[in-house]
Amino acid sequence: MSNASLLTAFILTGLPHAPGLDAPLFGIFLVVYVLTVLGNLLILLVIRVDSHLHTPMYYFLTNLSFIDIWFSTVTVPKMLMTLVSPSGRTISFHSCVAQLYFFHFLGSTECFLYTVMSCDRYLAISYPLRYTNMMSGSRCALLATSTWLSGSLHSAVQTIMTFHLPYCGPNQIQHYFCDAPPILKLACADTSANEMVIFLDIGVVASGCFVLIVLSYVSIVCSILRIRTSEGRRRAFQTCASHCIVVLCFFVPCVFIYLRPGSRDIVDGVVAIFYTVLTPLLNPVVYTLRNKEVKKAVLKLRDKVAHPQRK
C-alpha cells in the first residue's frame with residue numbers, strides 16, 4: 001500500500017433506508033443472520049454424523065455451508081452496527097482492507113465451488129457407473145483445495161489493486177461494507193486502470209464459471225432426457241434443481257453490480273443484499289427443503305437428540 005494513504009478510517013453510509021426503519025431492519029437482518037449461521041451449522045452437523053451423506057456431493061455442500069457462514073459474517077454484523085449507532089459506521093483502514101479481502105476471498109471461492117458442484121452433478125448423472133472412481137476422495141479434496149487457493153489469489157488481486165492507491169481525501173464509503181467500486185471513488189489518484197483490471201478480473205472469473213455451469217447443465221439435461229423412466233427423470237431433475245436455484249441467486253446480483261457500466265450507489269447497496277445476506281440463507285433452506293436425504297438425516301438427528309437411549 002502507498003505511504004500516501006493518509007486516512008486511518010472510513011465511514012460506511014450503511015444500507016439506504018428511511019431513518020425510522022433502523023430498528024425494524026436491525027431485527028430482520030439479525031434474525032436472517034442467526035438463521036443463516038444455525039442453518040448452515042445444522043447442515044455441517046448432519047452431514048458429519050450421517051454416514052449415508054459421506055458422498056462427493058455432500059462433501060462439496062459442507063464446503064459451501066462453511067463458506068456461507070463466514071461470507072455472511074464478513075458483512076452482516078458490521079451492517080447491523082451501522083443501524084444501531086453512528087459510531088458503528090466507522091471502520092478502520094486496516095479493518096476495511098481485511099473486510100474487502102475476505103469478502104472477495106469467500107465470494108470467489110463460492111463461485112469456483114458452484115462450478116465444481118455442477119461438474120460433479122454432470123458426472124453423477126452422465127456416468128453413474130464410473131462416478132465413484134472418477135470422484136474419489138482424494139480428487140474431491142484436490143478440487144475443493146483448488147477452489148480455496150484460487151479464491152485467495154483472486155481476492156489478493158482485488159485487494160492489492162484497490163488499496164495500493166493513496167487515500168487522502170473524503171472517507172465516506174457509499175455502501176454498508178468495504179467493496180472495491182465504492183472505495184475506488186475515494187482514491188486521490190486516477191483509478192481507470194484499476195477499475196479496468198478489477199472489471200476484467202471479476203468478468204473473467206464470473207463469466208468463465210457461469211459458462212462452465214451452463215455447459216454442465218446443458219449436458220445434464222441431455223443425459224436426463226435419455227433416461228427411460230419418468231420417475232428417473234424426475235429424480236434427476238430434482239437433484240440439480242436446488243443447485244440451479246442457489247447459483248442464479250448468487251450470480252445474477254453479482255453480474256448486475258460488477259459487470260455493467262457505471263455504478264449507482266443506492267441500487268448497488270440494495271442488490272448486494274441478495275448475495276451477501278439472502279444467498280447464504282438460501283443454501284440451508286433450499287438443500288433441506290428440496291432434498292429428501294438431508295431431511296431424513298435431520299429427522300434421524302432430531303430423534304437421537306430427543307431419545308438418546310434408543311439405538
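Residue numbers in this text run from 1 along the chain shown.
Every residue, even glycine, has its Cβ placed from backbone N, Cα and C.
TrEMBL entries are annotated by machine, without manual review.
Feature annotation from TrEMBL assigns domain 'G-protein coupled receptors family 1 profile' to 39-287.
Annotation comment: TrEMBL describes 30-47 (among others) as transmembrane segment.
Feature annotation from TrEMBL assigns transmembrane segment to 59-80 (among others).
The transmembrane segment feature in TrEMBL is assigned to 100-119 (among others).
The feature transmembrane segment is assigned by TrEMBL to 140-157 (among others).
Residues or ranges marked as transmembrane segment in TrEMBL: 202-225 (among others).
Annotation source TrEMBL lists transmembrane segment at 237-259 (among others).
Long-range neighbours of the transmembrane segment (271-289) within the same chain, counting only residues 6 or more positions beyond its ends whose Cβ lies under 8 Å from a Cβ of the stretch, are 15, 29, 32-33, 35-36, 39-40, 42-43, 61, 64-65, 68-69, 71-72, 75-76, 107, 175-177, 179, 242, 245-246, 249-250, 252-254, 256-257, 295, 298. Here TrEMBL flags 271-289 (among others) as transmembrane segment.
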For the transmembrane segment (202-225): best-contacting stretch of 59-80, 100-119, 140-157, by Cβ pairs under 8 Å: 100-119
For the transmembrane segment (59-80), distant same-chain residues with Cβ under 8 A (at least six beyond the ends): 12, 14-15, 26, 29-30, 32-33, 36-37, 40-41, 43-44, 47-48, 88, 91, 99, 102-103, 106-107, 109-110, 113-114, 116-117, 120, 140, 143-144, 147, 176-177, 276-277, 279-281, 283-284, 287
